[in-house]
Amino acid sequence: MDLKALLRKLGNGLRLTADEAYLLGRGILSGSLCDVEVAASLTAMRVRGESPEEVAGFVKMAREFAVRVPLRIEAVDTAGTGGDGAGTINLSTAAAIVAAAAGAKVLKHGNRSASGLFGSADFMEAVGYNLEVGPEKAAELVEKVGFAFVFAPRYHPAFAKVAPVRRALPFRTIFNIVGPLANPGLVKRQLIGVAEERLLEVVAAAAAELGFEHAVVVHGSGVDEVSSEGATTVYEVKRGSLERYQIAPEDLGAPRVPIPRASDKEEAVAKALAGLRGELREASVAIALNAAFALYVAGVVGDPRDGFELAMRAIQEGVAYRKLVEAVEASRT
């Protein structure tokens, strides 16, 4: 099927198969479609609602265009969609650090914030991490340090082709869903936060289609994280099967605490670091709840409750902050 036929299919409100979505994605990133056609296709999918098959097809395409990290060991990621507009500190990145400190091997994939206060890359840059770490170095850091951060634009340069259209559209597109699933190390284990509840099943089903071994997709009380404030809806993907459930902080042995908010980047960094050091209880608990699920999907623990206990211990004993310092120093040598 040619690209024009795919556009007509979208224009008629029909869903694409995974193979058709792959072809459309290739057409977009290879420059075979003009900006008007790209905008039309992204809008059609957004208005109708992106399907799991379309997301999976786009992810396969994105992986093909990516700069690959040659991982030699299994690793986990905590990348999410972002865009919840909640103004919270960056929990997913801090949680990745804690998970690494507690025994997981982590290849954290992330970007700067496009619309919110603070993205993963903003945090890592603020603490001194070298965002230009290349693929071989990243693989080495995962093995030797247990943590590496890979900056999305460095590893997905082809995405720059569609950036002007994405910026011009007043809504998030399928690329915001694809990014978190397109880790350049092809990780098969991941904690994935989504900003919209409607995306829970879409992303979980796409992860299953993509062959993830163990993924947990979460949306908690208006944030794309496991929430320390109230209930979190979870879709768990394990070897192709999907299970939906809800959890609350107390289910993991955690108190209900507010997720720390920040009004600027400096405050966001300070509160996240205080949480990693165990100096700000609310931040530590919120970070540890997310690290608990990262440790769970990594296979370090058999239950998120055990993961929370392990994560809190890593924070309280200073291991988590030392892991951050180690990772930053290693990225610059």
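Just so it is clear, glycine is given a Cβ too, placed from its N, Cα and C backbone atoms.
Annotated features, as they stand in Swiss-Prot:
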- GLY80, 83-84, THR88, 90-93, 108-116, SER120: 5-phospho-alpha-D-ribose 1-diphosphate binding site (BINDING)
- GLY80, ASN111: anthranilate 1 binding site (BINDING)
- SER92, GLU225: Mg(2+) 1 binding site (BINDING)
- ARG166: anthranilate 2 binding site (BINDING)
- ASP224, GLU225: Mg(2+) 2 binding site (BINDING)
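Feature map: annotations from Swiss-Prot on the structure.
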| residue | record | CB count, 10 Å |
| --- | --- | --- |
| GLY80 | 5-phospho-alpha-D-ribose 1-diphosphate binding site | 27 |
| THR88 | 5-phospho-alpha-D-ribose 1-diphosphate binding site | 27 |
| SER92 | 5-phospho-alpha-D-ribose 1-diphosphate binding site | 27 |
| HIS109 | 5-phospho-alpha-D-ribose 1-diphosphate binding site | 30 |
| ASN111 | anthranilate 1 binding site | 19 |
| ARG112 | 5-phospho-alpha-D-ribose 1-diphosphate binding site | 18 |
| ARG166 | anthranilate 2 binding site | 18 |
| ASP224 | Mg(2+) 2 binding site | 27 |
| GLU225 | Mg(2+) 1 binding site | 31 |
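Secondary structure at ARG166 (anthranilate 2 binding site), as computed by DSSP, is helix. Secondary structure at ASP224 (Mg(2+) 2 binding site), as computed by DSSP, is coil. With respect to their backbone Cα atoms, ASN111 (anthranilate 1 binding site) and the residue listed as 'anthranilate 2 binding site' stand 15 Å from each other.
Between GLY80 (5-phospho-alpha-D-ribose 1-diphosphate binding site) and ASP224 (Mg(2+) 2 binding site), the C-alpha separation comes to 7 Å.
Under the three-state DSSP scheme, THR88 (5-phospho-alpha-D-ribose 1-diphosphate binding site) falls in the strand class. In this structure, the C-alpha atom of HIS109 (5-phospho-alpha-D-ribose 1-diphosphate binding site) lies 15 angstrom from that of ASP224 (Mg(2+) 2 binding site). Ranked by CA distance from GLU225 (Mg(2+) 1 binding site), the binding-site residues THR88, SER92, ARG112, ARG166 have SER92 at the top as the closest.
When secondary structure is read from DSSP and collapsed to three states, ARG112 (5-phospho-alpha-D-ribose 1-diphosphate binding site) falls in the coil class. Here the C-alpha separation of SER92 (5-phospho-alpha-D-ribose 1-diphosphate binding site) and the residue listed as 'anthranilate 2 binding site' works out to 24 Å.
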